[in-house]
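**Q** Submitted below is the structure of interest, expressed as structure tokens.
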Amino acid sequence: MSWLFGIKGPKGEGTGPPLPLPPAQPGAESGGDRGAGDRPSPKDKWSNFDPTGLERAAKAARELEHSRHAKEALNLAQMQEQTLQLEQQSKLKEYEAAVEQLKSEQIRVQAEERRKTLNEETRQHQARAQYQDKLARQRYEDQLKQQQLLNEENLRKQEESVQKQEAIRRATVEREMELRHKNEMLRVEAEARARAKADRENADIIREQIRLKAAEHRQTILESIRTAGTLFGEGFRAFVTDWDKVTATVAGLTLLAVGVYSAKNATSVAGRYIEARLGKPSLVRETSRISVLEALRHPIQVSRRLVSRPQDALEGVILSPSLEARVRDIAIATRNTKKNKSLYRNVLMYGPPGTGKTLFAKKLALHSGMDYAIMTGGDVAPMGREGVTAMHKVFDWASTSRRGLLLFVDEADAFLRKRATEKISEDLRATLNAFLHRTGQHSNKFMLVLASNQPEQFDWAINDRIDEMVCFALPQREERERLVRMYFDKYVLKPATEGKQRLKVAQFDYGKKCSEVAQLTAGMSGREIAQLAVAWQAMAYSSEDGVLTEAMMDARVQDAVQQHQQKMQWLKVERPDSEASKPPHPSLLSC
């Protein structure tokens, strides 16, 4: 049964590292120091031993040895022994791991403490450096302050020194000038006394010299007079006695006077004639009258105008049927008046802006075979005193036309205002009087056509000189459609089909679109519709492909309508508050 106690077990099985010895008991050291007399004797040691346990163990070993499960029991004992050894080894490993962990923790703590120590040392170094820098800055600032105070003190001392030196210099100069003045006064006084003394002493000599000079001067003058009289007398006597010389002299003086007077008046007359025939008055902005300078500059255009036939008065002018019939009668009457060399009638055309007044005046002149001249009423007031002369020049120039002249005054209400109620300057009043004087009677040389947006502001004398009043109202739906079609053809279709211009029109119903535009542009004038067509052309040119689409036309129409509404709002705001509830004047909207 020796295997049960591990005495005869196989080597290498279940053996592990030796277990650590238990720590010595506190009393072991003291027990080792006891004397030999204190040790118990062998007899006493085994006197209390009970062998019963050993007997039972030996008996159990013999039974187990003879048992058939002896080998399993041995293996079980060995496995238990190995398990215990493994447990001891794992505990040992845990102990070693704990020791290593404790060492690593100690290292980490030491590193943390060292890091904290380094951080604290760094912070202390930084604080010390900042404090030293602060002290250095304070020392530097103190040095600067001390240096500034020292500089200020030196500057103050220098200024005081300069002031003292300046005061000393000024005092020195004043003293020097005072002494010089005293010396000068003494010198002048001495010279005056010496001169007076010399004059008193030489008074008789001076009087004698003056008397001799006067006598000599008188004698010289008398001799000169006698000599000149003798010469002139002899010459006049010789001239009078010779009648041929007298006659020639009188004739020469007469011819000289006549020549000077004739040259002066001839130059003035020639200048006025050249100005009236060749030039153009300053008030005339545009004219179809041909001048010599224009013929020299543009001979081909002038020749075409000379051979051109009279045009239709309403070509390119779209009006309502009633207004068209009336203005056609005026055009026919004007043409027949020119043929019969009768007196022209004065016409007033009033209505909103952009309704075709200026265009009809030009067409009327071309239809009648007359020249036209356009002047603006706003150009008269700035001329001041020259306005009267300029107005007479205009009518003198108009009277020299061989074909007859249609004088169109645009914005005539700018200077033909009421003299009784309106506050106008004296120069403008004189210009108005000159205009009334030149238009007091009808003429067979020129026809006066006035255009105004506010005819109620005319002076009563102007109304008395008007023979025919024509109201140009805003176009209605039919006229607007005709205008839209005409300008669409002029500014869009013709540029798209003629030439090499970068303009194309998308495929849509042009007639239907023109009707829609005419419906949307209610209240707009012919000029606004023309501007709308020009805007279509500009939008097509500004597009990437140069194509005018229906959407682009609609966008421009909406913009034009909004702008027209904004203009109407401005027109309402411009009126006085007392007239805010009243509708606008008929001349601003319709007739």
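Quick reminder: no glycine exception, Cβ is built from N, Cα and C everywhere.
Note that the structure is predicted; figures quoted are calculated from it, not measured.
Here Swiss-Prot flags 1-52 as region 'Disordered'. Summarising the annotation, Swiss-Prot assigns N-acetylserine to SER2 and lists similarity to another entry as the type of evidence. The topological domain 'Mitochondrial intermembrane' annotation in Swiss-Prot covers 2-245. Positions annotated as compositional bias 'Basic and acidic residues' by Swiss-Prot: 31-47. Per Swiss-Prot, transmembrane segment is recorded for 246-263, and the stated evidence type is sequence analysis. As annotated by Swiss-Prot, topological domain 'Mitochondrial matrix' applies to 264-591. According to Swiss-Prot, the feature region 'S100B-binding' maps to 289-304, an assignment based on similarity to another entry. Per Swiss-Prot, ATP binding site is recorded for GLY351, PRO352, PRO353, GLY354, THR355, GLY356, LYS357, THR358, and the stated evidence type is sequence analysis. Swiss-Prot lists LYS490, LYS494, LYS512 with the feature N6-acetyllysine. Annotation comment: Swiss-Prot describes LYS490 as N6-succinyllysine, evidence class similarity to another entry.
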**Q** From the Cα of LYS357 (ATP binding site) across to the Cα of LYS490 (N6-acetyllysine), what is the distance in angstrom?
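**A** Taking the Cα atoms only, LYS490 (N6-acetyllysine) lies 20 Å from LYS357 (ATP binding site).
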**Q** Reduce the DSSP letter at LYS490 (N6-acetyllysine) to three states and note it down.
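**A** Helix, per DSSP.
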**Q** For the binding-site residues listed here (THR355, THR358), tell me which residue's CB has the most neighbouring CB atoms inside 10 Å.
**A** THR355
**Q** Does LYS512 (N6-acetyllysine) have same-chain partners at least 6 apart in sequence with Cβ under 8 Å from its own Cβ, and which are they?
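**A** In sequence order there is nothing to list, since no residue at least 6 apart has its Cβ under 8 Å from LYS512 (N6-acetyllysine).
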**Q** At the level of the C-alpha atoms, what whole-angstrom distance separates PRO353 (ATP binding site) and LYS494 (N6-acetyllysine)?
**A** 27
**Q** Counting across all protein chains present, how many other Cβ atoms fall within 10 Å of the Cβ of LYS357 (ATP binding site)?
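**A** Step by step: centre on the Cβ of LYS357 (ATP binding site), count other Cβ atoms within 10 Å, giving 22.
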**Q** Could you tell me which of these binding-site residues, GLY351, PRO352, PRO353, GLY354, has the fewest other Cβ atoms within 10 Å of its Cβ?
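**A** Comparing Cβ neighbours within 10 Å for the binding-site residues GLY351, PRO352, PRO353, GLY354, PRO353 has the fewest.
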**Q** How many neighbouring Cβ atoms, not counting its own, are there within 10 Å of the Cβ of LYS494 (N6-acetyllysine)?
**A** 13
**Q** To see if you understand the setup: which same-chain residues, six or more apart in sequence, place their Cβ under 8 Å from that of GLY356 (ATP binding site)?
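**A** Those within reach of GLY356 (ATP binding site), by Cβ under 8 Å and sequence separation of 6 or more, are VAL317, ILE318, LEU319, PHE472, GLY526.
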**Q** Return the count of C-beta atoms lying within 10 angstroms of the C-beta of LYS490 (N6-acetyllysine), excluding that atom itself.
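**A** Taking every protein chain into account, the count is 15.
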**Q** Taking DSSP as the reference, which of helix, strand or coil describes PRO353 (ATP binding site)?
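**A** SS state of PRO353 (ATP binding site) = coil.
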**Q** Rounded to the nearest angstrom, how far is the Cα of LYS494 (N6-acetyllysine) from the Cα of THR358 (ATP binding site)?
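**A** Given the Cα positions, THR358 (ATP binding site) is 25 Å from LYS494 (N6-acetyllysine).
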**Q** Could you round the CA separation between THR355 (ATP binding site) and LYS494 (N6-acetyllysine) to a whole angstrom and send it over?
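**A** The Cα atom of THR355 (ATP binding site) is 24 Å away from the Cα atom of LYS494 (N6-acetyllysine).
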**Q** Restricting the comparison to the binding-site residues GLY351, PRO352, GLY354, which residue's C-alpha is spatially nearest the C-alpha of LYS494 (N6-acetyllysine)?
**A** GLY354
**Q** Looking only at the region 'S100B-binding' (289-304), what is the model's average confidence as pLDDT?
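**A** Here the mean pLDDT over the region 'S100B-binding' (289-304) amounts to 64.
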